[in-house]
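Colleague: Dropping the structure in here first, questions after.
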Amino acid sequence: MRAPGERWRPAGAALWLLLLLLLLGATESVRRAQPLRRYTPDWPSLDSRPLPSWFDEAKFGVFIHWGVFSVPAWGSEWFWWNWQGEGRPQYQRFMRDNYPPGSSYADFGPQFTARFFHPEEWADLFQAAGAKYVVLTTKHHEGFTNWPSPVSWNWNSKDVGPHRDLVGELGTALRKRNIRYGLYHSLLEWFHPLYLLDKKNGFKTQYFVGAKTMPELYDLVNSYKPDLIWSDGEWECPDTYWNSTNFLSWLYNDSPVKDEVVVNDRWGQNCSCHHGGYYNCEDKFKPQSLPDHKWEMCTSIDKFSWGYRRDMAMSDVTEESEIISELVQTVSLGGNYLLNIGPTKDGLIVPIFQERLLALGKWLSINGEAIYASKPWRVQWEKNTTSVWYTSKGSAVYAIFLHWPENGVLNLESPITTSTTKIMMLRIQGDLKWSTDPDKGLLISLPQLPPSAVPAEFAWTIKLTGVK
């Protein structure tokens, strides 16, 4: 204590000030470690969480369907169900013609070798494709996990087949390149005994959820810290059976990825297009007008399968022009575009899939300014044609046209010019000449170029500033 009448010494004041600053700093650290608000395990609360901005800015991702279904590689990734769940004759005939009598689906497990899986090469390909995020199947409806799940004994990629942690290896390679990592996870497993027991009980019991689904989801989040969880396999049961809201409240409040993680909408019957971080609604969903909620179109280069299949015909492969058109339309309507490939059982991405990805990457390297981090404009497409789609970024408006007009003049009815209007074409030096017509609107003279000098194939971008 100070003696009576002793004055406060400056050194003591400095010490108290230092302690106060340390206390305030610690308080701020605690505050930052906590979410701005706590989300309760109900949809009104969970749906109120703002979507992390990175997802809307990303626009384009690559989807990967890879698992034991890549071994028979015939029909689709639903091979096991089509063969033994529904007993489709063509699948039974395929097994009789190609495999020994008495073969089981489990026999395919050791043949899922991934011997040529080089995650660095995959990551280089996805980066060259222009992908800002990648979503890998950690477990499809067959139940085989592509990581050493502690609750999937002898039916995971560490115990059987590759003897590798496929999820972990790809994540490491992607993050070296600043590509966001998403994990696809199927809630159900077609033939798991506990799931079949719960199904027999009318989903009044939750043996499977407690022993398998929830432990795996928590393990994936804590082990790999994903940027995105792409849930699937929800359709047979309500979200109350899956305990979805309890998991999501933990994910948003207390998980190691609570601030950045994004989820989709497949968390139970009737959740799709109604609840979740963003909406898939259904596979290959295409809205007819601008939705009021963030959404994603997931589609596949192989039109009839998500997994690799040996019976894919060339006519089954989506054309480059269609892929670019779908991307443009999706982004114009405020969505993200998730394009799927299916690697082989050996871990190879077949050349035709690589070619499609690289073609899209080349187009994005020229026109990406109009795609990444863009926002929908007040008009999404020209009503007199479906070949011109709009995006915007700041004060700039981008008109992406899918067909080069024969007369070399692009007609845009929607933009309103001003005294400060400037118009250019991405990757072409200088401003373009333009005029207005009271009946036709804005008329833009496109550059007269030899084919070798045209900056892109299949779609081109006009950048407009100073328009309304």
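For all residues, glycine too, the Cβ spot is worked out from N, Cα and C.
When I checked Swiss-Prot for this same protein, it listed these features:
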SIGNAL    1-29  signal peptide
MOD_RES   T172  phosphothreonine
CARBOHYD  N243  N-linked glycosylation site
CARBOHYD  N270  N-linked glycosylation site
SITE      C298  site 'May be important for catalysis'
CARBOHYD  N384  N-linked glycosylation site
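What's the neighbourhood like for each of these?
Modeller: Taking a C-beta cut-off of under 8 angstroms and a sequence separation of 6 or more, T172 (phosphothreonine) has the following same-chain neighbours: P119.
Annotation for N243 (N-linked glycosylation site): same-chain Cβ neighbours under 8 Å, separated by at least 6 residues, are Q206, V209, T213, M214.
Around N270 (N-linked glycosylation site), the same-chain residues six or more apart in sequence whose CB sits under 8 Å from its CB are P238, listed in sequence order.
C298 (site 'May be important for catalysis') has a Cβ environment of 23 other Cβ atoms inside 10 Å. Secondary structure from DSSP puts C298 (site 'May be important for catalysis') in a beta strand.
N384 (N-linked glycosylation site) counts 13 other C-beta atoms within 10 Å of its own C-beta, drawing on all protein chains shown.
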Colleague: Between N384 (N-linked glycosylation site) and C298 (site 'May be important for catalysis'), find the distance joining the two CA atoms and give it rounded to the nearest Å.
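Modeller: C298 (site 'May be important for catalysis') has its Cα 28 Å from the Cα of N384 (N-linked glycosylation site).
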